[in-house]
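Peer 1: After the structure tokens below, expect a handful of questions from me.
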Amino acid sequence: MMKRFTSAVLSKRRALLACCAVGAVMMASPAMAAEFVLGSELPLTGKLARVGTGMSEGIAIAIDLANAKYAGQHHFSVQTIDDETNPAKAVAAVEKLASDHVVAITGGYGSNIIGPASEAAAKAGLVYMTSGGVAPELTQRGLDSFFRINNADGYGKAMVGLIETMGAKSVAILYSNKEATAAMATYVQKALTDKGIKITSHEFDDTTTDFKPIMNKVKLQDRPEVVAMIGYENDYIGILRAGAVLKPDVKAMVGVWSLATAQMNKEFHDQVQGVYGTSPLPYPVVFKGGEAQDFAAAYMNKYNREPDYLQQFGYVQTMLLIDAIARAHDNDGKIEAGEIARELRATTTPTMIGDVTFDKNGDNPNFTHRMGQHQGDRVELVWPANAATAKMNYPAVPW
Amino acid sequence: MKHRMVVLVALVLAYGAVPLLLGSMDYVMSLIIAALTIGGVALAWALLGNLGGLVSFGHAAFFGVGAYTSAILVVDHHWPVLLAMVAGGVGAAVASVATMPALRLRGPYFALAILAYGHIFRILAVEATSLTGGAAGMLSIPGFPTLLGINLASKTGAYALILTIVLLFAWLYGLIRRSTYGLALRAMHDSELATRVVGVPSTHLKAAMLVISAFMTGVVGAFNAHQINFLDPEYAFASSWTVLPIAAAIFGGYRTVWGPVLGALVVFLVDQLVFKELMPSGHQLVFGVLLGGMVILGPHGLLPLLGRWSKKEASHAGA
Amino acid sequence: MLELILQALYSGLLAGGYYAMIALGLALVFGTMRIINLAHGELVLLAAYVAFEMERSFGWTPLASIPVALVVVGLTALVIYLLIGRIRQDRELNSLILTFGIAIVLTNLILMIWSADIRSTSNSWFMDGVVLGDTLFSMRGEVIFCVIGVLLLAATYWWLNHTWQGRALRAVASNRDAAKLMGVNPARIEALSFLVSGVLATFAGVAVYTASVVFPAVGHNLTIKAFVITVLAGMGSVPGVLLGAVLIGVGETLTTTLAKPSLQELTGMVIFLLILFLRPSGLFGRKGMVKK
């Protein structure tokens, strides 16, 4: 305890980034082994509480597995601060973590909160790693300490790719007028129009609970082959229930995030049958890769349910960060300013969500999402072909 | 004389001691800036409530309009930030004119009408995509400039800026309060009928208070936009910009000039620095209990409560 | 097009019955005590989560969990009432802060107990389609709860007008002191109005859980919707609540059908302001919102 206190006081006089690393390193024994405290700024309350909690569980698993992986060499822990879904509090949280000398930051949800929070991290010289913000603007700011493993393009490409594979000629897009969903809808609309597919679109508000009037327009006026839903769980359930009542003559219901998940399969089983959504892993996890299975087992063990994409992304982003920290430390026993960022950029790492590389803006150009489909008690990957675990059921709707 | 000394000491502490002692702790400064932002809105809200006798549930409307006006002027028309912030206040004042039909409504109905305006402005901000960027909002809004050698974009600079804004508003509030208008307004609060009989055009005065309150709120909203560097409709018009200031004002004592600001500082800082430290994810629960407890145990707010204590102390000392 | 409009009207009517149920409890307390209970939406939400818990733990259908929810929500409503009773000064304003604080406490308790995941019934019986004349579509749950809503409104109306307690309640609402002189105990009557408001919130909550989806942040939206309808109705008027709720419901669905779905909230707010300005005492108000 005493030692940690001293190191913190001493390091105050040094350059901020150096102190973060040194402060952490000095706590450890003089040998190569080191103790690293990661910082995490996440929404655990407020509007984004659900997704933030999901990511934080993934981070916890990454810490556990990293401690097993680096046992005897390094020890990792995480200090988490709830940003209450509020940008000002997110900035303060990052600054608090910086003053507590964390080695880097993993977390963040919502592009609009990640924006200011990652700028605060950059000012403090800390790497900010996330999977919670997909807005293109985030990686156009020229921050060299900002990294994310996923982006809007990856989600959009998967959705568009699947619809193309289906060979649909007309699509109705239903989207929520929130930041991420509106941006995604614009992307999908443009991409599908470019491919000569006929598009109609309906923007709805997040307070909408009855989707029948919208669905009725789709059924009677648009008459599309595919309905693309871009929203969140409550929207999907509302739309699918409206569909089940009105039974429009469509061939597929395709969504994005938060839909092709284990939890949706369990809790809304009948309502999601045949429905598609982005999904990094199938459910139950049947990957050959050892890491995905280890992760799923550790998660089941700790939380007693199946992990979803939120936990998977949270895990992957944190593991990448931890490996980079370990590499940065191990080559010379200390971490210099910008070294973690350099390590992250220098390496291509195979992960559960595919190979991850970072470009100069911190984006992962390799990121393409996979599309899953609810098939009975399972979520099967059906797109792209090389990741598929089952044949796509098409046409298929829940009703 | 004694009063002046207190003010002087407070000013020295606020401008000197706070940045010197806490300036190196970025996150504490961030929290103080956020608390003062809420305090500024609380002050404006209390002005309307105290002098205008109008309880508003929709100050987020003026906050958001001020923020968007300033951000758009800076981003699209390259106005200097500080000037645009004043324009943000003017924008909010203009928006308040649109809400004036609500002035003839009584108590809670006025409150709810303003709330509806807040929602309408938010929806318009979502729909006016070409102007506001729609739901995606505006990222990387330029921050504050360097003025007289002080970098206002730094934590200390931003702190000095919002502190100055709040102090100016409090000074203005005190001025109005002491003026004949203020007297008439407070009389109106007690008995509107009586005031009208003596010939004070109450609706005009109320309208004036609404405009001033909206202006102040708009400037603070603009400050926040350039401080956080981003805006989206949900954030700019968030109901928390209404409820936190109300809670702060009532907590601190909304009949006083300083109560709202003090309330904001206490409520926000105690919540973030103490409760959040003790229970990281359940601290809002404590915050809720604190609010409720305050209403039941000290309904006049913190400042009058402190006043009473200090009087008691003084009388004990005298005895 | 006609088919679309008919469906919109039908959906709007059904939504109206359900909105009315959410709003009536708030309107009742507002009518008797001049208190806006900012925690009303959270009471509704609490009932929804009780229904969820009963379904998850014991497999009960949402309708069967109503008695349990009645106890939980009724007790919570009484606690709120008792706390409001402790307010000594400036009750109209201070009760706002108090109930706002209670709303925060309830939201966070719900978050801690049941997490932020979305919840809704998995009982598919409520979701089966009910089709009228091949053109009007709805879920069975919506029809059931619209009917229950209208029945509850009728019962409340009858209770207010034809029972001693109801009349006492109206007496307290119109003149507290006079009612006291007539031998009515206002405190007891106000407690009663809170209890009845809790009962209404319970049914509303189970309806929300069945026909829609709940998560902790929903409470706030529910409170706002209830507000708007209460004001539209005019001071504590039961028929006004129904009409206001239907107006909002139909306004929303017609906006979706004829214009853009994302404008439906705007329509609700504009209707609200228009009525407030054109008929300042509400649809059914006798006196009220405008200053004398």
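Glycine residues also receive a Cβ, built from the backbone N, Cα and C atoms like all the rest.
What TrEMBL shows for this protein is this:
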TRANSMEM  C:6-28  transmembrane segment
TRANSMEM  C:35-52  transmembrane segment
TRANSMEM  C:64-84  transmembrane segment
TRANSMEM  C:96-116  transmembrane segment
TRANSMEM  C:136-160  transmembrane segment
TRANSMEM  C:191-215  transmembrane segment
TRANSMEM  C:227-251  transmembrane segment
TRANSMEM  C:263-282  transmembrane segment
Peer 1: Count the Cβ pairs between the transmembrane segment (C:64-84) and the transmembrane segment (C:191-215) that lie under 8 angstroms and are 6 or more residues apart in sequence, then report whether there are at least 3.
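Peer 2: Yes, the transmembrane segment (C:64-84) contacts the transmembrane segment (C:191-215).
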Peer 1: So, does the transmembrane segment (C:6-28) come close enough to the transmembrane segment (C:136-160) to give 3+ Cβ pairs below 8 Å, pairs being at least 6 apart in sequence?
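Peer 2: Stretch pair touches.
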Peer 1: What stretch in C:6-28, C:35-52, C:227-251, C:263-282 has the biggest tally of Cβ pairs under 8 Å against the transmembrane segment (C:96-116)?
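Peer 2: It is C:35-52, which has the most Cβ pairs under 8 Å.
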Peer 1: I'm a bit unsure how to read this: which one of C:35-52, C:227-251, C:263-282 has the highest number of Cβ pairs shorter than 8 Å with the transmembrane segment (C:6-28)?
Peer 2: C:227-251
